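Participant: Got a structure here, written out as structure tokens. Questions coming.
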Amino acid sequence: MSEQLLTASMPIDAAPLSDHAVATAAPATSKINLLDLNRQQMREFFAEMGEKPFRADQVMKWMYHYCYDDFEQMTDINKGLRAKLQRVAEIRAPEVAEEQRSTDGTIKWAIKVGDQQVETVYIPEGDRATLCVSSQVGCALECKFCSTAQQGFNRNLRVSEIIGQVWRAAKIIGAVKATGIRPITNVVMMGMGEPLLNLNNVVPAMDIMMDDFGFGLSKRRVTLSTSGVVPALDKLGDMIDVALAISLHAPTDDIRDEIVPINRKYNIETFLAAVRRYLAKSNANGGRVTVEYVMLDHINDSTEQAHQLAECLKDTPCKINLIPWNPFPGAPYGRSSNSRVDRFSKVLMEYGFTTIVRKTRGDDIDAACGQLAGEVIDRTKRTLKKKMAGEPIAIKTV
């Protein structure tokens with residue numbers, strides 16, 4: 001697969017919801033939003049219009065390589081087809097409600113999705129630029145150290161609202177690229193929400209990210225992060241191959257039960273077994289998973305707990321990211337001191353684990369890990385909590 005940088009360039013001359021999800025916001029018009037369709041679905045849509053499949057590929061190239069949303073600008077499409085598309089389809093990405101820029105180059109966009117907002121973050125680092133994308137309006141998992149979880153949960157994002165975050169960011173960056181802002185090289189599903197609780201919209205969106213007629217990223221440059229929805233993780237491995245990161249954050253079940261409540265349903269042993277099953281199917285991970293571990297002062301950061309973590313992960317090929325905790329109002333935790341983080345890291349490295357202390361980015365604009373909040377109307381949190389407590393979570397394929 002060829003790979004391109006995600007930025008708008010100037011040319012030379014609808015998925016079903018998972019059973020557990022509440023209703024996704026309805027389209028504003030009766031037209032088909034082409035951002036909701038991956039390439040297979042686009043070709044089927046064009047076939048229904050009596051058009052050849054390659055016409056769908058042409059339109060996708062204009063949509064994603066150049067970030068065009070006006071059919072009239074697609075000059076290699078005949079006028080008759082352009083007129084037909086104007087009648088039955090549209091390219092409608094979510095709009096930016098607010099932009100904030102950090103002193104370190106990080107950019108946070110508040111993205112309008114219906115009557116609410118999610119947040120998307122652009123993070124430049126060396127020769128890379130990573131876009132952190134949201135998958136849900138809010139989150140139902142209630143991780144105690146995460147600002148998003150404190151907002152409650154409203155709904156899943158549609159495909160167009162997920163890939164639309166990438167489209168909008170690429171268009172903005174393309175418009176200002178002369179100022180030296182780097183094109184997007186990586187996308188991480190680490191924004192608001194649990195991606196595995198929205199598989200039927202997240203998977204087609206990631207498919208578009210990696211499609212040659214989409215954004216053309218390699219599968220190693222698209223990462224999904226999960227807190228441990230085990231049935232959906234098993235399903236993911238049968239649907240798509242992307243890099244995997246796991247939000248572990250504790251070496252033992254007693255601590256993880258408290259700070260990552262889904263652990264009460266799928267404990268660490270069960271979660272890591274599912275991770276190993278995914279790695280056995282995947283070519284995107286280089287044989288190992290990224291373990292994310294937020295450092296909470298005197299909660300999960302002792303030397304003893306570092307030894308416990310090493311023992312916990314001994315059978316799971318991985319690299320470990322230690323993440324300084326980023327505070328938010330009302331949170332019951334403190335950030336681990338540099339000395340405690342250093343000691344923790346050294347223990348892990350003595351066991352042979354590749355261990356990185358993640359640099360905090362965008363904390364001056366509340367864009368750092370765990371700080372994303374957006375604007376969420378919590379309508380369904382209690383229902384989802386009840387399901388997670390006792391009922392199996394049903395997952396449908398696309």
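Backbone N, Cα and C atoms are what each Cβ position is placed from, and that goes for glycine too.
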Participant: If Swiss-Prot gives G193, E194, S247, L248, H249, N326 as binding S-adenosyl-L-methionine, which of S218, S225, S345 does it give for that site as well?
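Facilitator: Checking S218, S225, S345 against Swiss-Prot: the S-adenosyl-L-methionine site match is S225.
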Participant: Express the distance between the Cα positions of S247 (S-adenosyl-L-methionine binding site) and C132 (disulfide bond) as a whole number of Å.
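Facilitator: About 15 Å separate the Cα atoms of these two residues.
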Participant: Determine, to the nearest whole angstrom, how far the Cα atom of E194 (S-adenosyl-L-methionine binding site) is from the Cα atom of C132 (disulfide bond).
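Facilitator: Cα to Cα, E194 (S-adenosyl-L-methionine binding site) and C132 (disulfide bond) are separated by 13 Å.
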Participant: Hey, of S225, L248, H249, N326, which of those binding-site residues are within 10 Å of E119 (active site, proton acceptor), Cα to Cα?
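Facilitator: Neighbours among binding-site residues: none.
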Participant: When you measure from the Cβ of S225 (S-adenosyl-L-methionine binding site), which residues in the chain that are at least 6 apart have a Cβ under 8 Å away?
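Facilitator: Once residues fewer than 6 apart are set aside, S225 (S-adenosyl-L-methionine binding site) is near V188, M189, M190, P195, L244, A245, I246, S247, E292.
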Participant: What three-state secondary structure does DSSP assign to C132 (disulfide bond)?
Facilitator: strand
Participant: Counting only residues 6+ apart in the same chain, whose Cβ is under 8 Å from the Cβ of L248 (S-adenosyl-L-methionine binding site)?
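Facilitator: For L248 (S-adenosyl-L-methionine binding site), the qualifying residues are R256, I268, F271, V291, E292, Y293.
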